[in-house]
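S.K.: The structure that follows is given in the form of structure tokens.
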Amino acid sequence: MNAADPATLYPQHLATLRARADEALLRSGHEHLLIPSGRRHYQLFDDRDYPFAVNPHFKHWLPLTRVTDSWLVYTPGQRPKVIYLQPFDYWHVVPEAPNGWWVEHVDVHVIRTPEEALPLLPGPAARCAILGEANSALGDYVPNNPAPALDYLHYQRSYKTPYEVALMRVAQRKAAHAHRAAERAFRAGAGEFDIHMAYCEAARQDATEVPYQNIVALNTHGAVLHYTELDRDPPTESLSFLIDAGASHCGYASDITRTYAADRGSEFQSMIEAVDAAQQAMCAGVRAGADYRQLHVDAHLSLMGILKDFGVLKVSPEAALATGVSAAFFPHGLGHPIGLQVHDVAGFAASDRGGTIARPEGHPYLRMTRVLEPGMVVTIEPGLYFIDMLLDEVKKNGHAASVDWARVDAFRPYGGIRIEDEVLCTDGAAENLTRPAFAG
Ligand code: GLY
Ligand code: MN
Ligand code: MN
């Protein structure tokens, strides 16, 4: 028996979700938990559907990301029930018959039309906490998303079970393999579109399957934080390559960024190595009790230290942080929770009864403000960019003397650097989930 096998780990995961559901129902005052998998959405005035995105609560219970109009039903003390739509449909491939490690742990009811779920749902509807989108309503069963249940479940979702971590490790390996293919394509002279295709081919996932749109940026495009244009032709000369791309596995996401210099002897390569070393030190800071807001502020100081070493910054890191100059070079957050969603829920949650922990002033894009605890998985993704729009603000705000503009001119053609890994917080040392995936 393999201890990392999801089949081995699933019963404990299910027991954890059942215990969480028991508490959520107590808090919301309902007797049953109902989770519709979701319905297809259609484009306006058209019969084209959007790529289906399953209800994250549904895929938390079951490794199913493609089944629509299905339901997870849980009543405390009873085995979970799965109402599974397998339609008669000769236009599309229908979901295969229920199979996999989850089947023996639940009662499965196969239905042929969405309406057949109705008599299988526990009544009355008013006694059900129904977590889902409005368009999942079926008869009286209208999603009510009770806040006490959602606040509790979202907060608890931060603590990944061993089953979830095992699936997330696979998502890491798929992405790391594809990142290597993308680097090879870059070094062979491919343009953005072809690098993207090389990535998808290696990941065996198309653009609708990867957990977010691939960011494949050559040269100055690396300075656009979420660059997704994918130029069809290679530039005249490729100096640098920033790729932020993940992979999905059983509904879990990975989110990895790497930056490369074409010239391994260049100053830009040295700067990448400095950011990489700093990033690994930041990853080691993912420890129980660490305040993620402090990690973010510490990251500013560390990155500004690098800019000082490379002669871009003329003032101390502390001064650059105080004046806002550091935010022009590092204009996003250090990272975010990740799991069933790339930007997972509850990054700001003050407690399992609601409330929000505010971002530190002057850091509007930070997506995680909590104190770290064992079981949480977060990204650590420091970056340094040369973004004219933001550097113009530095000048306008009277801080031009903080920067050596000739050095900015030297680095501008390379766009920027971001290095991103996922890190598991444990009882002891941080566990980087991404680095071993590249090493393997
Ligand atoms: N890929 C989006 C992010 O890193 O948050
Ligand atoms: Mn990220
Ligand atoms: Mn990313």
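Even glycines carry a Cβ here, placed using N, Cα and C.
No curator has checked TrEMBL annotations; they are predicted automatically.
So TrEMBL has the following annotated:
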DOMAIN    9-155  domain 'Xaa-Pro dipeptidase N-terminal'
DOMAIN    167-427  domain 'Peptidase M24'
BINDING   Asp244, Asp255, Glu420  Mn(2+) 2 binding site
BINDING   Asp255, His336, Glu381, Glu420  Mn(2+) 1 binding site
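Set these features in their place in the structure for me.
M.R.: The predicted model assigns the domain 'Xaa-Pro dipeptidase N-terminal' (9-155) a mean pLDDT of 96.
Neighbours of Glu420 (Mn(2+) 2 binding site), defined as other CB atoms within 10 A of its CB across all chains, total 22.
Neighbour list (Asp255 (Mn(2+) 2 binding site), Cβ cut-off 8 Å, at least 6 residues apart, same chain): Pro211, Tyr212, Asp244, Gly246, Ile338, Val342, Thr379, Glu381, Glu420, Glu422.
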S.K.: Report the member of Asp244, Glu381 (the binding-site residues) whose C-beta atom has the most other C-beta atoms within 10 angstroms.
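M.R.: It comes out as Asp244.
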S.K.: Over all shown protein chains, what is the count of other CB atoms within 10 A of the CB belonging to His336 (Mn(2+) 1 binding site)?
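M.R.: I count 21 other Cβ atoms within 10 Å of it.
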S.K.: Which residue counts does DSSP yield for the domain 'Xaa-Pro dipeptidase N-terminal' (9-155) in the helix, strand and coil classes, in that order?
M.R.: 51 helix, 26 strand, 70 coil
